[in-house]
Each structure stands twice: as C-alpha cells, then as structure tokens.
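J.: Dumping what TrEMBL says about this protein:
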DOMAIN    B:70-285  domain 'ABC transmembrane type-1'
TRANSMEM  B:12-31  transmembrane segment
TRANSMEM  B:74-96  transmembrane segment
TRANSMEM  B:108-129  transmembrane segment
TRANSMEM  B:149-168  transmembrane segment
TRANSMEM  B:211-231  transmembrane segment
TRANSMEM  B:264-284  transmembrane segment
Amino acid sequence: MKRNRNKTIATYVFLVIMSIVFAFPFYFLIVSATNSSIDVTNGRMLPGGELFNNLKNIFSQTAMTSALKNSAVVALFQTILALLIGSAAGYGFEIYRSKGKDIVFNIILLSMMVPFAAIMIPLFRLFGKMSSISPMIGINSYASIFLPYIATAFLIFYFRQNTKMFPKELLEAGRIDGVSEVGLFFKIYMPTMKTTYAAAAIITFMNSWNNYIWPLVVVQSTEKQTVPLLISQLGSSYSPDYGMIMAAVLVATIPTLVIFFVLQKQFVAGMLGANK
Amino acid sequence: MKKINPFLKSKIMGWLFVIVPTLLIALFYFYPMVEAFKLSLSSGKGNNLSFVGLANYKRLFSDPVFINALKNTLLFLIVQVPVMVILAIFFSVLLNNKALKLKGLFRTIVFLPSVTSLVAYSIVFKYLFSNDGIINKILLSLNILQEPMAWLSDAFWAKIVIIIAITWRWTGYNMIFFLSALQNIDPEIYEAADVDGASAGKKFFNITVPLLKPVILFTTITSTIGTLQLFDEPMNITQGGPGDATTTISQYIYNLSFKYTPDFGYAAAVSYAIVALVVILSILQTRLGGRDEKKSK
C-alpha cells in the first residue's frame, strides 16, 4: 500500500513539473506582452501594465492590420474550397466506388509523401506563368497563397473514411423522392456530415493560418503579408522591441487558442481523422 | 425521350465528383514533382537553364553545405523523434489513468503547444534562449550557470535548443494519438494480467507497447516526414546558424532558390534528396514495424 502511495505522489510531482515546463513558454509570452521591452530584457516575470501600449504599437508601427486581414481572407477561401473539393472527392470515391477510382485514389494518397520543399520551386515557376494569364492568380496574389492547398490527399482520405459511416439508405430515400445525384450530395450528405465538416474546417483553417514556407516564397509585398510572415520579420529585427513583438505573437496565437478551447472535441476529432 | 442507362449514369456521376480534385492534385503535386525532376537535370542562373544530365546529383556529394545540412537534418531526426515518441507514450500512459485527478488539465497543458503556429513558438523560444533571455537568468540565479550561456551562437547548444523546441511543440500532438489508442484497449486484458500477478513494467512492455505498435509506427513515420522537412524552426530560432550549424535541407533549398542567386536546377536536385530520404525511411520503418508485428503474433 505504501509503495503504491509513493508511486502516486511521484506521478503527481512529475506531472506538475512537466506541466510547469510545458506551460512556461506560454507564461513567458503572456507576461512579456504586458511588459515594456526594458522590463523583458531585465527578466521581469510578473505581468505589467504595458499590454495596451504594446498592442497600440503593433497596430500603428507594423502592418498587423493588413496581415490579419490577409490571413483571414486566405484562410477563409482555403477552408471553403478545400472542404468542398475534399468532401466531393471523398464522397465520390466511396459512394460511387469502382476499381478505376480505387486506383486513382491510391495514386492520390501517394501525394501525401511529397515533401513540400520538393515542389516549392516548380510551384513558384507555375504561378510565375499564371501571372501572365491574370495577376489575380499569379505570384503575390491571394489565390497563389491558398490554391496549392485546396485539394489535399489528407482531406480526401479523411472524408472518404468518414463517408464509410454515412447511412447510405438516406441516399436511396432521396433518389426515390426524385432528388438529383448532385442534389443528394448538397442536400442530404452535407447536412448529415456537419460534425465531419466542422473538424475538417478547424484543421484546414489552422494549417492556413499558421502556414509559413509557401507564403514566404510567393508573397512579395508588405500589403499581402500574412501574420506568420509579419511576426517572423519582427522576430528577426536587429533592435527588437520585445514587449511589442510578444504582443504580436500573442495576437497571432489567440485565434487558434480560442478555436481550440471552444471546439476542443471537433479539434481533436479532426486531428485523429488521419489515423482512423 | 430515351432513358439513360442508370448504371452508366452512376458511373459518370462518380467521376464527376472526383475529377476536379484529381486534376488539382495532379497539377499541384505530381506535375511539380515531374518538373522538379526535369529541373534537377539542368543548370543555370534564374530561368536561363541548360541540360546538364546528372551533374547536379554528382555535385551533391562534394557540396560541403549540402552534406552539413543533411547531417543536421538526420541528427534532428535521430535524436528528436525517438525522444518525443517515448515521451508521448509515457505521458499518454500516465494520463490514461482513470483514478488520476486533474488529468484533463494535465492533458490540455501538454497538448496546448500543438495549437501554436510554428513561427510564433519559434520566436518565443528564440527569446527564451537569447543571451539576456529568461532561461539564462533563471539558471544564473539558481547558480547552475556562472555566466550567461550563448545558447544560440554555440554550434552544439543551438542544435539542442531546436530539439527542445520541436519536442515541446509536438509531444502533446503525438500523445493524443496514443491516448486515443489506449482508450480502445479492452481493460479486461489488464485485469487478466493482474490476476496473473504481472508487474506494472511487465504489463507496459508485454501488453501496452505491442498494442500501441501501429500508432508508434504512424507517429514515427509522420514525425520523420515532418522532421525531414524542418524549416520554420531553424529559420526563426537560429536563422540556420551559427554558421551552418542548424541549417536543414529545406532551408538550403530555400536559400539556393530565393536567397542566393537562384540556382533552381541544383535546388531541385537537393529537393530530390529529401524525396529519396522520405521514401527510403518510410519503407524501412514500415518493414521494421511489420516484421516486429509478425514476431509478436
């Protein structure tokens, strides 16, 4: 009995220490965002009264306002298009299953193995060519930031897996009622699969909001900068205003934190979707 | 009006749903892969490219920057992935204990880093470990250090900081997969083991680990692919420095294409090195995982 109790105490001690270690960067981030640059450099570890000042500085001295807008626009388009395309494909591959489609599906899955760095240069050249068709889809356009991510093997796979659990009798009932094949997808499948869509939306939004390497390549003007590009630039400045930079990092992190805390269940479901 | 054969109609409808996604995947993944291979066989500045055959691939073997970037990437892989996977399993087993109080809170704290953007957390770590940063201040006040440590300008410690940072960011993410797998294990298996008088260690190694094998394989492969593409962290924590001490392959590809005078052909050859590594390591890990599975049966 005593040995068991000692073990329990050891577990708690370990977990508390690990929790402090894991939570510390967040604490440092929040505290630094509320202090002046000098206080941060002096190692002040208590909340200060500079948060509003720091926030005022980010929005007046940096392109944060447009960065937030750009990130939001890109994330919105990316999420809507990726969900529409991913779910249509997942639905098609599962509901209208055939040998030919299964082969295509397996080839699509191979694209998950493609490292982004390997296709970055050809993609950049592709969007360079698209610039001559229309600046709307060329380098430095909103579209160029999200287009490479609107069809992903991950979402197609995710929707196909979830479609396996979709009650197919609903489709038969719809057909008897004279609903068209396309209508079945939009009017019956989509509303039934709301939670599947919610989880996919969260993951896609987060990926878009946090994406760095491709926007770094394809965005070429400050007006089109997304939030990660802006904070990366602030972080590498030679005379950093620590308080302001940490407030900027906090502003960049808050949307994803809010989504996580509000939609925890769908969030985890979306993550695990890859492993079902 | 002639009625369309319902079988044919259903066939056409099916392709209608999948054709656009398939074409987009081809355009944004497979076409660039082919293009990258074609590029890797040519050389020149910017868009003035000429065919050079396998010269770029030969150059890889005598390019000290590439060899160094490859070594760094493999080092991150070999040290960080096992540490993180073991830590994630350990956390998941501890936090799967139903009798544990506050387990929800502990889980959330360990998972929370995976919600942050890679750039955002990288900047936080950069300042945590800077010369006048808080880590130095804490270690000085505890008398563990006598003078501030130059974490990010020391070739060895800069690598350690990157490894610590990635482990912080991804352990909770991987833990979720293990927790979900543990919750699917039938508790009766453990009860039976208790009846047989098995120790906690025996239960862990003889029941839990074999049952978690598919998830171990999954997290190891995804972490391997992720680490091979490591970019955001070295870019924002150390800028690849000091010197090239933390430069990764992805970063070298970026530098070759967009930082130095663009040499797209050679950069494409370097990128095929990552493709080769991803394919080789995935096959290797699947083989190893598969063989172990047979053995335990």
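Note that Cβ sites are derived from N, Cα and C of the backbone, with glycine treated the same way.
The model shown is predicted, which means the values in this text are computed figures rather than measured ones.
For the listed features, I'd like the structural context: burial, neighbours, distances.
T.: Using a Cβ-Cβ cut-off under 8 Å and counting only residues 6 or more beyond its ends in the same chain, the transmembrane segment (B:211-231) has close neighbours at 73, 76-77, 80-81, 84-85, 88-89, 166, 170, 174, 177-178, 181-182, 185, 248-251, 254, 274, 277-278, 281-282, 285-286, 289, 292-293, 296.
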J.: Among B:12-31, B:74-96, B:149-168, B:264-284, which stretch has the most Cβ pairs under 8 Å to the transmembrane segment (B:108-129)?
T.: B:149-168
J.: Most CB pairs under 8 Å with the transmembrane segment (B:74-96): which of B:12-31, B:149-168, B:264-284?
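T.: Stretch with the highest Cβ contact count: B:149-168.
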J.: List, by number or range, the same-chain residues at least 6 past the transmembrane segment (B:264-284) whose CB is under 8 A from its CB atoms?
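T.: Sequence-remote neighbours of the transmembrane segment (B:264-284) are 33, 36-37, 39-44, 46-47, 49, 52, 56-57, 59-60, 66, 70, 221, 224-225, 228-229, 249-250, 252-253, 256-257.
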